């Protein structure tokens, strides 16, 4: 939209003269009447209709929050509460482990989802003797809170409450490859102190780019001694395996009440009702699934999901989340090795009747369904899982090894890192390599983490494709150090989703859309600089589609530059024809492609950015251009950011420190946006 201020050439004195001549007595009466009516309307008007705000990330909350977690703690005799902000389940898992630890010190703990409680109740926590609030807070995206911690974050920002007497500790979960490392954990720790709460142990900062599990164990083994010293308590014994859930086998149950993979409401896949979100995904039909690349070494694919009649709305730059299923071959092998009938209908019921979490996953269900849709069986299990399963190893040496890997000793940590993490051993591989380890399948299901949704940058614009969401992904497959071939859960599952389906059946994908801040500028005339090697090009396909659509509507569109990178032009140049067409029509002003393996010396996107430094600086400094980076966070995003800093320093010209500050200010102003992963 252009500016609405128009210079008519009328002077101030002329305007005053006109006003004097125009305002007669009649005009004044009418003017007074209008003012009176407006005043009446503002005072007595009804509440205006609510306007949906699409820029805010929508979250799924409980319909009624518990009135007081403090009252619940009093009622159940607990004095430690561990809140978790979790997007992938890891922070929730850590919170459960900490709450379970409490019994060793004569204390009782509970893990809690902040979305289910009123956190203003924190001020009442000192009413409980030796009370402690622990916060396991993950940072999502570019310094954002997780969905379930959004309300808590908003409350902290606005809170004007005295938390004197509240004792707390924070462990943050983040990734150092991201610009805002552990922003949420750091903010919660600092803000609670500002509100008067007392920190009883140092902030822990876990790094998922390194070894998050080891970071947590190291913090945890120092945290509990600090708790003991502060409250004057002592450990009552060694860590023990205490079951949280009891197994109930259903021998004669109506199949109509058995979960078959639904994430929330029973039979929700048979009777779909909006709104659709993480707890109520939409079953989208796969209408297109085509290979994008020519090479045989990797499989890069483009999928289109039909969202007609779902009322799902998305914008360019949003993410689509899909719930995958584990490979049936792995599930069958687990059943075989444990000698279990996977089709037994069962429930795992929480032994703590006061807990808000009645089951670890939707129950009643079958072991087959749980291992296929609800449990993560492909990632290396964490140390607490190894510790609890060790008791079922009949061979002493195997039991000793498992307990050692679960210990906090240097030797144990090193063994766990090399034998489990670096070798990418999942639970089936561990059972295969330790023949005497045969845990009951119900205990295994209790300890395994939940299978999480996978997020992809949407590769389409809703202006052009309002009834479909497009995905661009590369199938993950690699050989481990132990010689096994591991496959990506979601990408392998998506690859098999043929549009026609088997026997004419439709291929369905449970999905929902997560709003993002990765947005095109409000003004279409603003130049955009997009950098996206590999599948990082995905959101930019949507951006370019939208700008092409705006041009077709007769709108003026600013320069649109894409810096794309791949290995070879004849191997993995994604969307080659589409990009060429956009470039030919002028929707894509400049298309610069770096081929890393097509010549003796490797060429990456940052080399092309340096080549165009003068033009880029003009667009950024004079044209107010917005910069977008999508792809690998560990190397590419960092190198590209350094390249922009070099360009700013050289073209400014200015000192390097000033250039770094210049780029960071672009980020603060929303002119340098990242959609990256590690």
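Positions of Cβ are set from backbone N, Cα and C atoms, glycine also.
Taken from Swiss-Prot, the feature FMN binding site covers 86-91, 138-141, 173-182, 208, and the record attributes it to sequence analysis. The NADP(+) binding site annotation in Swiss-Prot covers 298, 535, 596, 597, 602, 603, 604, 605, 606, 639 and is backed by sequence analysis. The annotation domain 'Flavodoxin-like' is assigned in Swiss-Prot to 80-224 on the grounds of sequence analysis. Taken from Swiss-Prot, the feature domain 'FAD-binding FR-type' covers 279-521. Here Swiss-Prot flags 2 as N-acetylglycine. Residues or ranges marked as phosphoserine in Swiss-Prot: 63. Per Swiss-Prot, the feature topological domain 'Lumenal' maps to 2-22. Taken from Swiss-Prot, the feature topological domain 'Cytoplasmic' covers 44-678. Feature annotation from Swiss-Prot assigns transmembrane segment to 23-43.
In this structure the alpha carbons, written CA, of residue 89 (FMN binding site) and residue 606 (NADP(+) binding site) are 35 Å apart.
In the three-state DSSP reading, residue 138 (FMN binding site) counts as strand. Of all the binding-site residues given, namely 298, 602, the one with the smallest number of surrounding CB atoms inside 10 A is 602. Here the CA atom of residue 606 (NADP(+) binding site) lies 18 Å from the CA atom of residue 178 (FMN binding site). Between residue 181 (FMN binding site) and residue 596 (NADP(+) binding site), the C-alpha separation comes to 30 Å. Residues in the domain 'Flavodoxin-like' (80-224) partition by DSSP class (helix H, G, I; strand E, B; coil) as 65 helix, 36 strand, 44 coil. Taking CA atoms as the reference points, residue 606 (NADP(+) binding site) and residue 141 (FMN binding site) are 23 Å apart.
Neighbour counts of Cβ atoms within 10 Å were taken for the binding-site residues 89, 606; the minimum is at 89. Here residue 596 (NADP(+) binding site) is positioned 35 angstrom away from residue 138 (FMN binding site), judged by their C-alpha atoms. In sequence order, 516, 517 are the residues near residue 141 (FMN binding site), counting only same-chain partners six or more apart with C-beta under 8 A.
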